[in-house]
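Single-structure report; data block below.
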Amino acid sequence: MGQHLSEESNKVEIDVAELQEWYKKFVVECPSGTLFMHEFKRFFGVQDNQEAADYVEHMFRAFDKNGDNTIDFLEYVAALNLVLRGKLEHKLKWTFKVYDRDGNGCIDKTELLEIVESIYNLKKVCRQGQDDRIPLLSPEQVVDRIFQLVDENGDGQLSLDEFIDGARKDKWVMKMLQMDVSPGSWINEQRRKSALF
């Protein structure tokens, strides 16, 4: 999520200087050495928007690999690496993990609808003061269309394989499943701002 999911974003090596820059930024932003949920929400500006906060909480949990309710520097680097230059398949697996709210290995219509609604609301928060165009499809219509195109066996659930295959086969599905809230753009903007001071 974040940067657009594309096959070409597959650079995996992290430059040592870049890693040092990330560490300096992490220490400034998180002097305790860990990033807590409330700080993560603040970064995305969603403290007062419950639907958007729900989505950001799921993103946080997906990045919190060891489940200790914090993101340490290694998890932070892994998250940035995924968002900024991860391979398509890794990004899709991570996106699937965010969408699979109950962790059962499948995404049902309710789970997908909750995420799509949260992202619609988050995009409204991110666009405050900008053109607030009404989406062409409602969240329900988006979910129904995704299931029509991706649920190959018709069981009312999307498996990881269906999710990845559906995204690869159909550009519209890819766009809808990535539901880009631009954390990569946000991260780059924060890095630019800090470089100015």
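Note: Cβ is positioned from N, Cα and C throughout, glycine not excepted.
These come from Swiss-Prot:
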type    : residues                               : note
LIPID   : Gly2                                   : N-myristoyl glycine
DOMAIN  : 15-50                                  : domain 'EF-hand 1'
DOMAIN  : 51-86                                  : domain 'EF-hand 2'
BINDING : Asp64, Asn66, Asp68, Thr70, Glu75      : Ca(2+) 1 binding site
DOMAIN  : 87-122                                 : domain 'EF-hand 3'
BINDING : Asp100, Asp102, Asn104, Cys106, Glu111 : Ca(2+) 2 binding site
DOMAIN  : 138-173                                : domain 'EF-hand 4'
BINDING : Asp151, Asn153, Asp155, Gln157, Glu162 : Ca(2+) 3 binding site
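Summary: among the binding-site residues (Asp64, Asp100, Asp155), the fewest other C-beta atoms within 10 A of the C-beta are counted at Asp155.
DSSP states for the domain 'EF-hand 4' (138-173), grouped as helix (H, G, I), strand (E, B) and coil, give 25 helix, 3 strand, 8 coil. Within the same chain, residues at least six positions away from Asn66 (Ca(2+) 1 binding site) with a Cβ under 8 Å of its Cβ are Glu75. Within the group of binding-site residues (Thr70, Asn104), the Cβ with the highest number of other Cβ atoms inside 10 Å belongs to Thr70. Counting in whole angstrom, Asp68 (Ca(2+) 1 binding site) lies 18 from Asp102 (Ca(2+) 2 binding site) by their C-alpha atoms.
Neighbours of Asp68 (Ca(2+) 1 binding site), defined as other CB atoms within 10 A of its CB across all chains, total 10.
Note on the domain 'EF-hand 2' (51-86): mean pLDDT across this stretch is 81. For Glu111 (Ca(2+) 2 binding site), the Cβ neighbour count at a 10 Å cut-off comes to 20, with all displayed protein chains included.
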